[in-house]
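Here is the structure we will look at.
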Amino acid sequence: MTLLTSSLLLFSLLTSRLEAIPVLEKSPAHPAHSAHTAHPAHPSPGVRILRAPESLVAPLGDEVVLECETSLQPERFEWSHRSSRSPGAGFKYLRTGTAKANVSQEAAISRLRVLVRPDTLGEYRCVGWFGPLVVTSTTARLELASTSLVDAQESEAPLQWRVSAGNSVLWSCGQQVQSNPSASWSYFRNGVEIKPEFIGTNGNLFLSNVSSESSGIYSCQATNPASGERIQLPGSMQLQVTPEQRSQSKSPHLLKGQPSSQEITIREGSSLLLQCPGVGSPPPTVVWSSPDVVGAVKNKRSKVFGHALEISNTRVHDAGTYICFQDNGVRPALEHYIKVHVEQPPQIVRPPWADLTNEGDRLKLECEATGVPTPEIYWLLNGHSSVDDTEAELSNNFLILHSVLKRHAGYVQCFARNRLGEHSAGTLLQVNPKQIQEPRESGGTHRPKPNQGSKQKQMYPPTPPNVTRLSDESVMLRWMVPRNGGLPIVIFKVQYRMVGKRKNWQTTNDNIPYGKPKWNSELGKSFTASVTDLKPEHTYRFRILAVYSNNDNKESNTSAKFYLQPGAALDPMPVPELLEIEEYSETAVVLHWSLASDADEHLITGYYAYYRPSSSAGEYFKATIEGAHARSFKIAPLETATMYEFKLQSFSAVSASEFSALKQGRTQRPKTSTTEEPTLQMGDRDTTTPSHNETFNMSPMLTGTIGGGAVLILLLISTCLCVCRRRTSRSRGNNPNKPRMAELRDDFVPLGNCSPTKQRQRTRHIHITLNPLAQQQQQALEEKNDTDQDAPYYQRPSSYDYDPTLRRMSSSSLRRSQRTLERAGGSNGSNNGNNNNLNQSAEAGAVENPGKPGRVLMKRPRLSSRSENLSSGSLNSVGV
């Protein structure tokens, strides 16, 4: 009874259903911050801003157009504005159709037309609504085009410079001009526009290797590229170039009005031109160097043109002090210092990352960015500033939510900004709501059912479903039942309705079983189901109806609005490639896959794995894999030593990719040794479809027990058969009509053939061969007695299994038999009443052949027990 109970318990444990377990890979570190710990792929809503509005500078009264494009068509676009008159105020949504702002939408592109006025200047944002999910663009600035002079003096005297030929001259013409955007410059000599060899920054005119032809009066003009406004600068420069032979030797020096040092600010990626002022006689030679920048001059991006140094594709590490050293052999030499600042637009290198968070928990998000000047970090929660949230706290680069609420669910965005622009990154924040216990009704005549106790279990509903587009007419729903101690759920039903007036809820026909009451993870149990026969270009809502063990039901909260986009209007999702199906165990395999090198993982939320036996043409079983960085996944339980076919597809919040190519793999064959599979992290597994994989697998212990019992039964049957055979042999030996020769053969059947165990020695087959004289006498007797009814005897050759002990025993027995027969022959042929066939044959032979000596054949008495086997080798025919 104890063995039976243990076997049943072991059987129940072995047949328990396993779930699909993901094998997680370590996500690669971000290339820009490999020193930091890398996060997994941050949850993405599947939508993003493809093209944010750009900052513009326009003249007053002009009309500008701001454009915004999203990866998918949203339900609607909105624009927000913050006026430059009140920079401390917040953003306000614009009313469309007004005189100063007009919004139009074409698919996933929105355009805002703005009339440039003092009250329309400021910052603008584009906001895309995807149900309750809000995605906000970076900020675009609208500024007024302007050009003005700073500290202008109308009666400024012109500069008069006298230099020898061969020198290089630098004239700073535009130091008095302030322009937005930066002005373009035109230069004139004696009223005629010239094209300088080098176009400097900030209105600097650089004349290299001047000659007598370079003499004249120089002037400049600034033009605003946005408004076209032109300003003629009042200052001018009169240059006189003398032949080098007539000039006296002078050390390198600066001309009147030339700066003793320079400070230049440039944007990263631009070309930088450094110009060195100073003249001398003879013209000095220039050597460039930098104490701050290693290899500043001797590299592929730098070129030296005498008094000018050009650096292309400027980088942040090019910032520093540059020294222009001039020497013509006349002391002292001249050193000119130029300070270079390289500004860099902001770039987020560590985006925020959030996982499924329980309502009421504390959440800390980090956002790290680079840029020069150091960017400012701010946060938006579904389009709303975190500054206005009472639960939010900003600490350096962190956003801390002291208590996560339902309204925080959605898209959390981090923005980094400086004067060069903005950059943003976001994460999808999912909030697991608290289960609110329904209050009991006070009063009334409600009576509990007989099977209910005083404490009734609550019906905890499932979470709202997440919706993913599968095709133009179908979607995939994913939901979860949080851990709870309420009534068990039996089945689910899916309900959906088209958004609009007088649209009723429709229920699918499929009953989705809950499966075994086992939690997939600490958060609960996950489920998936598909809904078909939908109409593209329509908006739907979905909810899950749970049916409980008390035959009551309760529905989940409604999902967000989902717009079923046609496939032609969607960007294709990256298609995973199945690389290998690893035989993990007898009931599990591990899928390994990869993505193309140019695939955008930010579009991916997870993967769907489909599988079925290769011999089946039925529906596929499904498993959900969360995370874009996953590259392997364990599928279990499966049937032992069975071939399966697998395929994968990636998915996001709004679409799914094409299927990967089918790939086959099998589970391992049963093993004789007992092994235990390692326990891995549980993953999401589709439990909505009844699985044929719920068949049980025998454990090695149970298999050994059953096998041992079968062996014992076989041994018992063999023993019974041997006993019956011996009894049959004995009954045959008692038959008086049986020929004596046949009886003689039966007497020497070895008892070893009936042994039930294998501990005996190999069976020895002993055969009796009559001597030739006896055979002749027997043949003569048979010819004489034609009517004899005895069956003929067919002789078999003797065969021995060599055993020296038996051979010695057989020889001694033969000698004893010979002596006995000799004594019997000497007693006048008396046979002591033993009138058997052997004696009759001998007598017949003696009568027919009187001249031949008589031959007597005798059978010795029957031997009992094992002595019969041991002495049987001596009973060959003996002649006397």
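Each Cβ is built from the backbone N, Cα and C atoms, and glycine gets one as well.
Annotated features in Swiss-Prot:
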BINDING   Arg497, Lys501, Lys503, Arg541  heparin binding site
COMPBIAS  823-837  compositional bias 'Low complexity'
COMPBIAS  864-880  compositional bias 'Low complexity'
DISULFID  Cys68-Cys126  disulfide bond
DISULFID  Cys173-Cys220  disulfide bond
DISULFID  Cys276-Cys324  disulfide bond
DISULFID  Cys367-Cys414  disulfide bond
DOMAIN    45-142  domain 'Ig-like C2-type 1'
DOMAIN    132-232  domain 'Ig-like C2-type 2'
DOMAIN    252-340  domain 'Ig-like C2-type 3'
DOMAIN    346-432  domain 'Ig-like C2-type 4'
DOMAIN    461-567  domain 'Fibronectin type-III 1'
DOMAIN    575-670  domain 'Fibronectin type-III 2'
CARBOHYD  Asn102  N-linked glycosylation site
CARBOHYD  Asn209  N-linked glycosylation site
CARBOHYD  Asn466  N-linked glycosylation site
CARBOHYD  Asn557  N-linked glycosylation site
CARBOHYD  Asn693  N-linked glycosylation site
REGION    426-467  region 'Disordered'
REGION    662-697  region 'Disordered'
REGION    728-762  region 'Disordered'
REGION    775-880  region 'Disordered'
SIGNAL    1-20  signal peptide
TRANSMEM  704-724  transmembrane segment
Any further residue of that chain within 8 Å (Cβ to the Cβ centroid of Arg497, Lys501, Lys503, Arg541) of the recorded heparin site: Met498, Val499, Gly500, Arg502, Asn504, Trp505
Entry from the glycosylation sites list Asn102, Asn209, Asn466, Asn557 having the most other CB atoms no farther than 10 A: Asn466
Cys324 (disulfide bond) CB neighbourhood, other CB atoms within 10 A: 22
Which listed residue (Lys501, Arg541) has most other Cβ within 10 Å, given these are binding-site residues: Arg541
Chain-internal residues near Arg497 (heparin binding site), provided their CB is under 8 angstroms and they sit 6+ positions away: Lys503, Asn504, Trp505, Gln506, Tyr540, Arg541
For Cys276 (disulfide bond), the three-state class that DSSP assigns: coil
Rounded to the nearest Å - Cα separation of Cys367 (disulfide bond) and Cys324 (disulfide bond): 42
Between Asn466 (N-linked glycosylation site) and Cys414 (disulfide bond): CA-CA distance (Å): 24
Pairwise CA distance, Asn557 (N-linked glycosylation site) versus Cys68 (disulfide bond), rounded so that it is a whole Å: 33
Listed in sequence order, residues with CB under 8 A of Cys173 (disulfide bond) and six or more positions away: Trp185, Tyr187, Gly203, Asn204, Leu205, Tyr218, Ser219, Cys220, Leu233, Gly235, Met237
Closest-packing stretch to the domain 'Fibronectin type-III 2' (575-670), where packing means Cβ pairs under 8 Å, from 45-142, 252-340, 346-432: 45-142
Extent of the heparin binding site in Å [max Cα distance among Arg497, Lys501, Lys503, Arg541]: 13
